[in-house]
Amino acid sequence: MAEREEPGAPPPPPPPPPPRFRLCPSCRMTITIMAFFACFLTYMLRLNLGIAIVSMVGRTNATRKKLLDPNNCSVYELERESVAKPGEFDWPKSEVGIVLSCFFYGYILTQIPSGWLCEKFGGKLVLIIGIGVFSATTLFIPEGARLSMYALIAIRIVQGMFSAVSFPSLHSIVGGWAPPEERGLLMSLAYSGMYVGTLTNFPLCSMLAAYAGWPYIFYVTGAFGIVWTIMAIFLIYSSPRTHPRISQKEKAFLEDVLDIPGTHDLKIPWLKILSSKAVWAITISHLAANWGLYTLALNLPLYMDNVLKFEIEKIGLLLSIPYISTMVVNILAGQISDIMHRKRVMSLTKQRKLFNTIGMVCPGILMTVLTAFSCHERYYAVVCITFTQALGGIAFAGGFFYNHVDIAPQFAGILMGMTNCLAQLPGILSPTIAGLITPNGIRSEWAIVFYLCTAMYALGAISYLIMGTAEKQPWAMDKPDHLVFDAPPERLRPLDSAAHRRPSLKPGAAAPAKRR
């Protein structure tokens, strides 16, 4: 017969933490590597048209003009001979802009539905279908463009719709495999594929266009995506419970350290999610960070040409430096975040706010500093741009970007879809606003663009300091009326947060009856 607990007796100590299971080799590392290449392909397939379009539409002889530079950079604008090179298509520049931006219209449309699909059908199925269709349609771009420009636009909108599922599904998958003490490292490794894909895209697509012809840009990158899709069928699984080849030791370790919910009909509390301060803190920070990111990614070549007066041959090389530094800082910040969490240096909420503040305030300050440089200090400007993007990666590695998994692990895919939906608006608005602000391309006009970025970064930092948290939200708790635990009760450890701690079972006490 179980002993009765004496009134006033201290509660029994929680069970000891489970022994750590090695990271390499392991199934969760395999998942992370596949997630890395998913990000790699997503960005390569998204950006390949930007390189191909140069060869598709060609160029004509540029007129030489004199322009007084108010910043005493040079009395004459850099005059470059542009050799006429006819392209296969005679599309006006205004329509080329539509071709390049229409991807984001489709991308925004399916952000929120993709999060719901992840929770309904599992991240694996959604991710494989998304990248599979994205890759397959890439193969048809050459013939679509030859059919008509509107056929190409339709293909790009469809690609945006299917590409949108990538990050919500990856958030759902990696969040279901990454233990809290490894979450920063594994997620930063997975998402560093974005930067590597961007870096690889420029030289690879340029060489393919020069030596094989622009259609091969789409044939080669699309084929890469098809190969990944086939591999993902056998290597990616939505959770440790569904993986057929995971070892029992790793499975037991992950079930102990992860807050894996029981099997039940998952009801999505939409109203509580939409009214949650924690969700809006992530959303505003995501929007602010992407505003700065897209402003640089989409407008930097023009700024380096108009203001810094770099030769066109150097711009491509210099563009790679900020992305390399961002990738390195992203991985290092993820590791530091994990170490701080293991050593309990501070609460996870304070840690997220610290990383987010650094990743917002520092780039905001550097954006303001950037306005002081003319072409006489153009290499200082490149250093400033490099640090701006690198330090901005800290917010992604240890701040808001992984916060979805903290506050609602079972709804991480849905939350990522919601926040990423609004966070893609800068992809449409930022280049449009920058174009309106900089009709002459002079430094004083570009300064306004960068001041706007500083204001957005400040908004992201302040809103997250006020509303951000890493505590699991009450609306994300498992409801006992619907919950059936698959694991035995003695395997359920208390959570880190005292407010959310599960009751421990006294040795020898009867386990509570399962409710169905």
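Just so it is clear, glycine is given a Cβ too, placed from its N, Cα and C backbone atoms.
No curator has checked TrEMBL annotations; they are predicted automatically.
Record features (TrEMBL):
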type	residues	note
DOMAIN	31-472	domain 'Major facilitator superfamily (MFS) profile'
REGION	493-516	region 'Disordered'
TRANSMEM	30-57	transmembrane segment
TRANSMEM	96-118	transmembrane segment
TRANSMEM	125-141	transmembrane segment
TRANSMEM	188-210	transmembrane segment
TRANSMEM	216-237	transmembrane segment
TRANSMEM	278-303	transmembrane segment
TRANSMEM	315-333	transmembrane segment
TRANSMEM	354-373	transmembrane segment
TRANSMEM	379-402	transmembrane segment
TRANSMEM	414-434	transmembrane segment
TRANSMEM	446-467	transmembrane segment
Given pairs 6 or more apart, does the transmembrane segment (125-141) have at least three Cβ pairs under 8 Å with the transmembrane segment (216-237)?
yes
Is the transmembrane segment (414-434) in contact with the transmembrane segment (96-118), using three or more Cβ pairs under 8 angstroms as the rule and ignoring pairs under 6 apart in sequence?
yes
Considering only the recorded stretches 30-57, 216-237, 278-303, 315-333, 379-402, state which has the highest number of Cβ pairs under 8 Å to the transmembrane segment (188-210).
30-57
Find the member of 216-237, 315-333, 379-402 that has more C-beta pairs under 8 Å to the transmembrane segment (278-303) than any other listed stretch.
379-402
